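Working notes, beginning with the structure itself.
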């Protein structure tokens, strides 16, 4: 793994546009994108391809048959599960290269069993207005990845203007 790389892990994503956006996010930040099956789409979906634009070949994307298989491939690493019920604000985490940023499916978020998994380091949240259920998956992943990358001086990025 390259220095400074963060790993985005989508657990059973449902909406192709969100995963397409995450492919683009992975390409532009040098992150890895890992997807846990079942997926709510296939990789030939027009919405997935459109959202990812021409970044598909520039992104490192791996599909895992289960969360267990993903953990077997990615651990040891710290796992930060993003959930509206999180205990820690995303800005209060000191991210390290290799950390896994775990996100649940769009319609229901992470299952309780995943949030309670002993391999999950911490439950992390983004602040929201009261009585709001959740944020968009791709937007949440973008906010999290850029915070982690920012903490490391945007390592590997091009020259700053």
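Including glycine, each Cβ sits where the backbone N, Cα and C put it.
For 104, 126, 134, the entry in TrEMBL reads S-adenosyl-L-methionine binding site. Per TrEMBL, domain 'tRNA/rRNA methyltransferase SpoU type' is recorded for 7-145.
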Spatial neighbours, same chain, of residue 134 (S-adenosyl-L-methionine binding site) - Cβ under 8 Å, 6+ residues apart: 84, 109, 128
Secondary structure tally of the domain 'tRNA/rRNA methyltransferase SpoU type' (7-145) (DSSP, helix then strand then coil): 48 helix, 29 strand, 62 coil
For the domain 'tRNA/rRNA methyltransferase SpoU type' (7-145), the mean pLDDT of the predicted model: 93
Number of other Cβ atoms within 10 Å of the Cβ of residue 104 (S-adenosyl-L-methionine binding site) across all protein chains: 24
Cβ-based neighbourhood (8 Å from the centroid) of the S-adenosyl-L-methionine site, residues 104, 126, 134 excluded: 82, 83, 84, 103, 109, 125, 135, 137, 140
CB contacts for residue 126 (S-adenosyl-L-methionine binding site) [other CB atoms within 10 A, all chains]: 18
Maximal Cα-Cα distance (Å) across residues annotated as binding S-adenosyl-L-methionine, namely 104, 126, 134: 14
